[in-house]
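Everything below concerns the one structure shown next.
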């Protein structure tokens, strides 16, 4: 009954609402109803302004329909199912050979076909083993009965597997909970460590402030005393100046001696201590936080300055004095020895590392495509550029909307770069002591490319691959 109901429903869905026959070349209109193409064309034949659906009457401003090959295939399936069902029904009711109109009493073992007597003599079944239906049915019934036990065993085995797999969900939940607690604990340790570091550094700054303030006040007292002495001397000099010549010259030696022995206290100057910290290895969350976003950056040959030599794997670049003859490209750097990465970033978070070694000059960062290609050095006053670099005269500098002097505690030989496009953050890490060098907070309005400036020495810049960075 369920098969019959399903077949009836399939036939209804495969019928055209206009001609009530099986759909021929079915088409679908925008409201979702289906029709024969010819029926819909006739229905809309004399219409100009509006074209209503023949079923729901929803009107469209223009003729619009699309062919539905999937529905055409389903319609053909519905036809075949109806034909087969009718054929089976007749066979079941009559058990007669449709070809010879004789009772079906025999069975071809090789072809697995039910035959009448006349069919068994046909050339198709010559030399085939043919037996009575009763015997063939008994044989196949034994085969089916023999397969019952293996089927039951298979069901039992799979049910045990289901129970086992079900228990794995409990195991998974426990492991996930353990991992969650482990991560929470680790990050709590990092948070506490950072909090303690912050409090300690703030105390040090406060102590230093009080110490400097005390010395500054002491210096102010010395200067005030010096001013008082000068004022007293001034009054004394003014009194001596009106004395007689003899009295003035008698005391001239002591006055000169007193004036010459006056010394102005040195001005007190101060410089705050450079404070910083780096996460110890046991608390270092840097890998866990940013390494999952690591990308394999490769260099774009079409942007490389003519005097830059890019390695075969496009992971390293160095400057050479010999200038190569290469095709012009508007995105190529022709004045400064620079090159871009081949992958642009317009969303998401990305991390890559670059070995700078002991190069005397280098610049790393990101830039927008609007960056000018004809400037001599780093474009500190231009927009669309965020980078840090080392300069032979000015040391380490962050260049972007403004220029900032950097004072790394440890000289970096490998730089980590982390870009959070949506947040507008670009952070640079000194991978030697795992400290942060600088972070830009901006709003990226266009896609950005990794940027590499080599300087004019022969030492290369090397982009670390993912496998190298994980070591």
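Cβ atoms here come from the backbone N, Cα and C positions, even for glycine.
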Stated Swiss-Prot location of zinc finger, expressed as one of 92-133, 134-175: 92-133
Cβ neighbour count (within 10 Å, all chains shown) around residue 119 (Zn(2+) binding site): 19
In the chain carrying residue 125 (Zn(2+) binding site), residues 6 or more apart in sequence that have Cβ under 8 angstroms from it: 108, 110, 111, 113, 115, 119
CB-centroid shell, 8 A cutoff, Zn(2+) site 97, 100, 119, 125, site residues removed: 99, 102, 115, 116, 117, 118, 120, 122
Mean predicted confidence [pLDDT] for the zinc finger (92-133): 83
The one of 97, 100 whose CB sees the fewest other CB atoms within 10 Å, among these binding-site residues: 100
